Amino acid sequence: MSKSQRGNWEPKIEFESELVKANTVWDQLVCMFERFRSAKLYQLWDSELGLEQPDRGSTKLRGKVLYKEPQGIIIRGRRMELKLVWSAFCLWMLTCLLLPASSSGVVRIGLKKRRLDLQGINAARMARREAVVGAGDREMFNHFGHSDEDIVPLKNYMDAQYFGEIGIGSPPQNFTVIFDTGSSNLWVPSAKCYFSIACYFHSKYQSRKSSTYSKNGKPCTINYGSGSISGFFSQDNVEVGDLVVTDQVFIEATKEGSLTFVLAKFDGILGLGFQEISVGDAVPVWYNMVKQGLVSDEVFSFWLNRDPEAEVGGEIVFGGVDSKHYKGKHTYVPVTQKGYWQFNMGDFLIGNSSTGVCEGGCAAIVDSGTSLLAGPTSAVAEINHAIGAEGVVSAECKEIVSQYGDLIWDLLVSGVLPDRVCSQIGLCIFNGAQYVSTGIETVVEEENNRASSVGDSALCSVCEMTVIWVQNQLKQKATKEKVFKYVNELCNSLPSPMGESMIDCESISSMPNITFTIGDKPFVLTPEQYILKTGEGIATVCISGFMALDVAPPRGPLWILGDVFMGVYHTVFDFGNLQLGFAKAA
């Protein structure tokens with residue numbers, strides 16, 4: 001058959017008197033038969049079907065191939081016993097035609113989803129809050145490579161929902177992992193983990209069973225908000241979908257010091273953050289995918305399925321995006337600081353009203369390793385008040401309002417900058433001109449002396465929140481009486497340190513929308529999207545998806561956008577152009 005004839009024909013397969021038409025090209029059929037040969041079934045075809053062999057010069061296939069006619073390919077079985085083989089043939093055909101091959105530079109990873117539980121959500125809140133409180137002396141947000149023990153703060157995975165499967169070694173040993181954009185290392189339990197209970201509940205990597213294993217042996221520790229893991233580095237091939245990343249450095253965990261990992265539904269973590277926060281400066285898996293030319297584009301994307309009844313939990317696409325998973329166009333914003341996938345976010349609104357917290361901009365991190373939305377206490381308190389979430393009565397807050405409310409009002413009305421009010425009152429004391437306490441970020445000219453705050457007391461922090469609330473109400477031209485009535489109500493709605501933030505499930509429909517401003521465009525979350533439900537029937541409990549997180553400037557105020565946000569907005573992580581893209585999920 002001539003090349004011109006081959007270019008126009010469409011293959012047809014006759015199976016039990018029915019013709020199935022496959023719109024494909026000859027090379028795809030070649031691909032299918034190569035897979036068929038690898039399954040060692042071709043010998044049956046040669047001996048049992050008696051296929052005729054055409055001119056070898058007309059095809060790239062080795063050995064016997066199908067007889068080709070310009071009008072199509074007709075395959076006729078001679079024995080009914082070969083139906084099983086024929087079914088395998090059709091399966092390989094569908095695999096080749098319908099699934100993306102790894103040579104295309106795009107690989108899809110299906111995700112599994114677990115249901116959230118009340119205990120896990122509350123534990124996650126407490127652990128993350130404790131991590132922030134205890135990290136001040138460690139300069140938590142500085143470059144991690146300079147510390148004795150590398151630290152990945154804010155991580156605890158107690159509320160992680162989405163997992164996928166990878167393989168390590170040759171032949172591959174399978175592990176369920178969290179694909180986590182908030183960290184950068186790959187770790188799994190080691191067969192050499194003898195004294196941690198968690199290791200006995202999960203799959204363990206056995207280096208002696210892998211022909212591609214290379215010894216490294218460098219010890220390492222990762223501290224999380226809820227505990228730590230310790231182990232040593234090793235090197236082996238890592239299989240992610242159809243891709244095989246060769247010579248990947250990863251951590252064999254020999255100690256998992258947290259109850260979190262005992263109860264976890266996952267074996268390990270595959271970090272998708274930047275190398276800047278990688279423990280031991282290990283090259284992340286994603287970097288090696290790009291370096292080894294395994295993906296066509298330096299992009300990966302997340303689609304998280306919010307349907308609790310769906311079997312498919314979501315999908316990660318390495319090397320591109322799937323247009324079926326989003327609507328419209330993505331809004332792109334630049335990554336502002338490598339390490340985390342961090343960007344600058346604009347104003348934050350409850351209903352149609354600004355909270356004033358991010359009016360001058362806030363940092364935000366997209367984190368697939370958590371379900372929650374974390375933000376400044378002052379903002380979360382206003383959310384709690386708006387949705388009727390249970391909080392705690394703050395004696396410090398009421399004390400500030402009763403003793404210093406009038407003075408705060410007078411100073412703001414007279415034009416004193418909000419970031420100077422608490423220092424003028426004397427609740428926050430500084431030995432210089434720069435205000436760096438929690439909640440308010442100020443820009444000071446470079447010639448001013450660097451100052452450190454010594455007023456990090458509870459009263460100082462509460463004063464800052466009160467100033468933000470009063471200032472925001474002043475912008476709305478509220479009367480003094482209404483302002484302080486509202487502020488006193490907020491004092492009763494501060495997020496509980498124990499994590500409880502339950503609400504009335506019957507009132508969800510009357511709650512306000514929450515809006516994040518990203519790239520000057522509004523990204524709205526409805527109550528149905530930011531309220532988490534656990535349990536079923538009369539045992540259903542509704543919980544706010546927001547938690548308090550106060551991070552000091554220059555890294556704060558900071559928001560962490562977890563799965564609650566990513567489930568609503570399809571997210572593109574553009575590594576090549578250092579930007580993030582958000583579009584309505586489909």
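The backbone N, Cα and C atoms fix where each Cβ goes, and this holds for glycine too.
As recorded in TrEMBL:
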type     : residues      : note
TRANSMEM : 84-102        : transmembrane segment
DOMAIN   : 162-583       : domain 'Peptidase A1'
ACT_SITE : Asp180        : active site
DISULFID : Cys193-Cys199 : disulfide bond
DISULFID : Cys358-Cys362 : disulfide bond
ACT_SITE : Asp367        : active site
DOMAIN   : 392-432       : domain 'Saposin B-type'
DOMAIN   : 456-497       : domain 'Saposin B-type'
Distance [Cα-Cα, Å, rounded] between Cys199 (disulfide bond) and Asp367 (active site): 25
Three-class DSSP secondary structure - Cys199 (disulfide bond): helix
Fewest other C-beta atoms within 10 angstroms, as judged across Asp180, Asp367, which are the active-site residues: Asp180
Spatial neighbours of Asp367 (active site) among the recorded positions Asp180, Cys193, Cys358 [C-alpha, 10 Å]: Asp180
Whole-number mean of pLDDT values that fall within the domain 'Peptidase A1' (162-583): 86
Three-state secondary structure, which DSSP defines for Cys362 (disulfide bond): strand
Rounded distance in angstrom between the Cα atoms of Cys362 (disulfide bond) and Asp180 (active site): 22
Cβ neighbour count within 10 Å of Cys199 (disulfide bond): 22
Cα-Cα distance linking Asp180 (active site) and Cys358 (disulfide bond), given in Å to the nearest integer: 26
Composition by DSSP (helix, strand, coil) of residues within the domain 'Saposin B-type' (392-432): 27 helix, 2 strand, 12 coil
Asp180 (active site) to Cys193 (disulfide bond) - Cα separation in whole Å: 23
Three-state secondary structure, which DSSP defines for Asp180 (active site): strand
For Cys193 (disulfide bond), the number of other Cβ atoms found within 10 Å of its own Cβ: 23
